[in-house]
Amino acid sequence: MLDELCISIVISSEIRRTGCLIVVFVKCWWNPLCLMEFSELQRQSSTIAHGYHGAQQSVRLRSKSVVSNQNGPQFNWGSPPSEGGEEGDSGPPKDLRERPMPMHLKRAIREVQQMRVPVVTNWQSWKRSKAKSLSRFRADAGGVMSYVALWRKALHKIGGHFGGGVQSYFMFLRFLVVLNFLSFLLIAGFILIPSIVFRSTSTTNMTVDSTGPEVCRVYDPNLQGLVVFYQYFLDLLSGTGFMEYSYVFYGYYNNTVAESSGFHYNLPLAYLLTSVFYFAFCLICIIARMGSALRVAVATGSGAAGSYSKMVFTGWDYGCQGDRATKLKQKSIHYQLQVDLEEERLQKKALSLTLGQTVGLCSLRIFLMLVSLALIGGAFFGIFNATVFSQAQVGAEGILGLFWVYLPSIVITTGNFVVPFMCDQIALFERYSPSTTIIMALFRSVFLRMISLGVLLFTLWSQITCFKGSKECEPCQYNNKDYPCWETRVGQEMYKLALFDFLITIAMLILVEFPRRLFVDHYSCALTRWVGRQEFLVPPNVLGLVYGQTVVWTGALFCPLLPLINTLKFFIIFYCKKVTLFSNCRPAVKTFRSTTSTIFFLVVLLFGWCLALVAMIYSLAQIHPSMSCGPFRSLTMMWSIVPNTFYTLSLTTQDFMFYMGSQAFSIPLFIFSCVVLCYVAALAAVYGKSVDLLKAQLKLEGRDKQFLVKQIEELSREMGVPTRDQVDTFDTGAAN
């Protein structure tokens with residue numbers, strides 16, 4: 001039989017430093033693994049003997065040279081992987097564990113390397129020992145960090161039961177929890193703790209400036225007299241009352257400059273610089289995570305060639321446990337193949353359309369796009385009117401007053417639920433490919449969520465700055481009558497948005513998801529079969545996290561403790577989502593590509609960061625700060641604290657800073673940056689060509705394997721050995 005056909009590969013290598021001759025006989029049965037070994041050894045021997053060009057030759061062209069070489073393929077058994085760079089190899093040292101070789105061949109190489117007595121200098125020996133120690137330290141540190149990582153076991157359990165797609169959502173949630181917690185530590189170290197210390201100590205010399213007209217410095221948020229018992233609960237939900245004048249919001253912080261025993265601390269400057277550095281820190285974390293995701297995307301490849309073979313042979317998730325997870329993963333792979341085939345079918349169909357059909361399809365898509373934009377515009381109009389009406393009902397009390405102050409949040413949340421659902425139904429008639437349909441739906445959801453927040457801010461700013469030219473802003477340069485401390489009012493709106501989003505998540509879990517699961521499990525009818533269990537859709541859930549994080553970034557300047565509140569919110573949401581995942585949900589059959597989704601969600605998160613950055617810059621540089629509250633009450637603009645502090649520095653420091661901003665420094669820096677960018681671009685181009693050459697070599701190796709299989713089949717026919725198809729036919733006939 002063909003399985004009994006075997007070859008003997010004689011691998012010999014002379015170790016010149018020790019004078020030993022090592023001959024290893026490897027006997028492998030004829031199977032695909034043996035073909036890979038034979039092809040790999042041929043590639044290595046051809047690369048050593050003839051260079052890269054020789055490796056590009058096919059087996060058919062170099063079969064004569066292989067037959068004439070009686071010693072067989074050569075492999076440098078005596079040289080360890082760490083010496084590759086010392087002997088002229090331009091690539092980095094490659095560990096033996098990373099080489100594409102069978103295990104018995106690696107063991108043989110390791111035994112030969114251990115028998116060899118290397119002749120190295122003291123410097124090489126010290127360098128090698130330090131490299132091994134550093135590698136071992138990195139491995140141990142990585143193991144410790146992975147062991148103490150937050151929710152490590154829970155994430156492994158989620159990945160094992162529901163696959164890597166659902167696990168990516170919870171990993172993204174963990175990333176946001178850690179990001180918000182580190183941001184809170186930053187704010188607490190430079191703003192919160194110094195404010196508490198300066199208020200509690202009596203030995204520190206403090207100066208508090210208050211300038212401006214008397215009418216602009218009137219602000220008394222404290223409640224007078226007795227209040228009903230439930231008023232504290234309403235204040236907790238709305239951010240008013242005892243919550244308004246506390247460390248939670250901007251208005252409680254003073255413009256304190258503390259001096260004690262040579263120690264000088266400028267709280268307004270620390271408040272501003274901490275906010276700026278907070279945004280920079282979040283940007284660095286996002287870019288670092290996006291870089292790792294892009295490396296994974298580049299490593300997996302994005303070309304259409306070979307996508308089906310990659311999906312079939314490398315698409316399985318070995319973390320799946322149980323029959324249910326296995327069947328769901330099979331359905332997921334089946335759906336991905338179906339999506340790719342459907343996209344190819346639609347592309348061929350689009351190419352075969354006539355001019356009239358193409359014009360009709362484009363007209364239909366344009367009309368449906370206008371309908372979607374009309375729905376989104378209607379949502380924006382509703383948010384604008386709800387915000388204006390809510391600000392006019394600020395004095396209302398009781399449950400009705402709580403409803404009025406939460407009206408913008410209610411309208412925004414309702415629009416985020418209703419409008420995307422209607423746009424998804426419209427997308428079914430646009431006749432896009434499945435991937436394009438998902439991308440269009442996500443784009444509309446992102447646009448609605450982000451711009452709705454921008455509409456809310458625009459409405460607030462138009463009323464704060466008297467956008468219509470009202471005389472109410474003349475004495476204080478802002479609407480002091482309705483907004484005596486407008487920064488606190490904006491912080492309250494962001495606080496209510498974050499809190500309402502959390503309450504809606506909990507309410508959906510208790511009032512919708514659990515009753516739906518009970519209804520589906522305990523009642524059998526056509527309706528329950530049509531409804532079914534809820535699918536855990538990763539894209540909408542991640543977009544909800546991005547929206548919540550954008551709210552936090554927007555309100556962090558006016559509500560310094562909002563990162564801490566968001567940390568607790570996401571921490572609770574993690575366990576709530578975990579409970580509903582295992583109890584109520586089933587993974588979605590139609591999955592989103594992991595690499596594409598990771599990059600897309602980070603891009604959306606970066607878009608939310610940009611929106612929050614625009615809001616912060618406008619607040620710092622355009623709107624006059626409140627004269628009755630906050631650390632910038634004595635300034636015309638919040639950013640004015642920076643030049644005012646700059647001119648208090650020494651002349652040497654001022655000259656140095658002026659030089660850093662002058663053309664004498666900026667032009668050489670720009671030229672140096674251009675040189676570095678050109679070098680990186682050239683390096684990327686070289687790496688791209690290398691990748692293309694390696695891909696071409698892989699295709700050539702595939703043709704070589706096909707040629708070898710044909711040769712074996714011809715040899716089997718000549719020797720009278722039955723082929724695999726004949727054996728399968730014989731077994732089938734015997735079974736019948």
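Glycine is treated like the rest: Cβ placed from N, Cα and C.
Annotations in TrEMBL come from automatic prediction, not curation.
Annotated features in TrEMBL:
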DOMAIN    485-594  domain 'TMC'
REGION    72-99  region 'Disordered'
TRANSMEM  175-198  transmembrane segment
TRANSMEM  229-253  transmembrane segment
TRANSMEM  265-290  transmembrane segment
TRANSMEM  366-387  transmembrane segment
TRANSMEM  399-418  transmembrane segment
TRANSMEM  438-461  transmembrane segment
TRANSMEM  497-514  transmembrane segment
TRANSMEM  551-576  transmembrane segment
TRANSMEM  597-618  transmembrane segment
TRANSMEM  665-687  transmembrane segment
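The list of residues near the transmembrane segment (597-618) in space but at least 6 beyond its ends in sequence, with Cβ under 8 angstroms from a Cβ of it, reads 165, 168, 172, 275, 279, 282-283, 286, 289-290, 293-294, 296-297, 439, 442, 446, 450, 453-454, 457, 461, 538-539, 542-543, 546-547, 549-550, 553-554, 556-557. Among residues of the same chain six or more beyond the transmembrane segment (229-253), those with a C-beta under 8 A of the stretch's C-beta atoms are 191-192, 195-196, 219, 221-223, 267, 271, 398-399, 401-402, 405-406, 485, 487-488, 491-492, 495-496, 499, 557-561, 626, 629-631. Helix first, then strand, then coil: DSSP counts for the domain 'TMC' (485-594) stand at 84 helix, 6 strand, 20 coil. Across all of the domain 'TMC' (485-594), the predicted model scores a mean pLDDT of 86.
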